[in-house]
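Asker: Grabbed the feature section from Swiss-Prot, which reads as follows:
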- 20-40: transmembrane segment (TRANSMEM)
- 42-62: transmembrane segment (TRANSMEM)
- 78-109: transmembrane segment (TRANSMEM)
- 123-143: transmembrane segment (TRANSMEM)
- 148-168: transmembrane segment (TRANSMEM)
- 187: FMN phosphoryl threonine (MOD_RES)
- 214-234: transmembrane segment (TRANSMEM)
- 242-262: transmembrane segment (TRANSMEM)
- 267-287: transmembrane segment (TRANSMEM)
- 301-318: transmembrane segment (TRANSMEM)
């Protein structure tokens, strides 16, 4: 008699996967609400577009592969991919961008490798990076938070800008991006990088309206705190483990603090790194993807620390203002190596 030994995992629980994905979707509610509050209805429109695109793309591939469409869609992984991409792009980006990015993420970055559990890279971040490299202007055209914005688009205006590029009154993105100082606004990280390169002092930069927040950038600090709240809830629900978020945030904070102490005139303070951009979204919702992250506890600590270091390096010295997506994908590359050297010793065998 021949016994076939399959590779781990030895149990496959569709309900467990679906439940975890659902918990992550629920935990995203505070972050989504904060982005709606500070950046308007465009975020909701992008989420709807991405969700529909993700489900249709996944259903199409499953149909072509002659696999069960209904059973696979119920695991909610396609919805989560669409959601993570949608909240990562500017709220008034053209409709075709989120559709293109989502379809690429689901078909190329996920299903091409065999579907959920087989993809080596985070699909949402693959989609994001493809869009960022292909359409850098549109992908960096964030609106100023409502508290410093001159023109705040309503729901109808948001839909019209996303689908036609103009509001009902004829305004365009350049008009909507104006802040209270009459200057076209960018994100806190983008503003800091651009201003330092232009020769402005940190003292001057901190006077810009975008930094009018209590701790970091206006609006962005509350968005990050909202994602943090959702992440803490995920930890409480035991949907994710603490190793990756903690090591990521501690490493990012440590690098930012040391850099700021050594070069306060050219490098951002730690609170700007921690509460701007996609820091908390990345820490709790992206890096913790169980498929593309390390699978051992020591490996998770190393994986998170590496991502934190990469985010700081890209933000401080790279060509892109945020860097979370690139850091995630670069860290994904190292996962097989990390897992190999941190795998637990087999019982009864010596080390080495």
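Quick reminder: no glycine exception, Cβ is built from N, Cα and C everywhere.
Values in this document were obtained by computation on a predicted structure and should not be read as measured data.
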Asker: Restricting to the chain of residue 187 (FMN phosphoryl threonine) and a gap of 6 or more, list residues whose Cβ falls under 8 Å of its Cβ, or answer none.
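Answerer: Once residues fewer than 6 apart are set aside, residue 187 (FMN phosphoryl threonine) is near 140, 142, 210, 217, 220, 276, 277, 321, 322.
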Asker: How about the transmembrane segment (78-109) and the transmembrane segment (301-318): at least 3 CB pairs under 8 Å, pairs 6 or more apart in sequence, or not?
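Answerer: Output no: the transmembrane segment (78-109) is apart from the transmembrane segment (301-318).
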Asker: Could you check whether the transmembrane segment (214-234) packs against the transmembrane segment (20-40) - three or more CB pairs closer than 8 Å, residues at least 6 apart in sequence?
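Answerer: Between the transmembrane segment (20-40) and the transmembrane segment (214-234), which are separate recorded stretches, there is contact, as judged by 3 or more close Cβ pairs.
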Asker: Same chain, outside the transmembrane segment (20-40) by at least 6, Cβ under 8 Å from its Cβ: which residues?
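Answerer: Distal contacts: 47, 75-77, 79-80, 83, 87, 91-92, 142-143, 145-147, 152-154, 158, 219-220, 222-223, 225-227, 229-231, 233-234, 237, 239, 280-281, 284-285, 290.
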Asker: Would you say the transmembrane segment (42-62) and the transmembrane segment (301-318) are in contact under the rule of three or more C-beta pairs closer than 8 Å, pairs 6 or more apart in sequence?
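Answerer: Taking Cβ pairs at least 6 residues apart, the transmembrane segment (42-62) and the transmembrane segment (301-318) are not in contact, as fewer than 3 fall under 8 Å.
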Asker: For residue 187 (FMN phosphoryl threonine), name the DSSP secondary structure in the helix/strand/coil scheme.
Answerer: coil
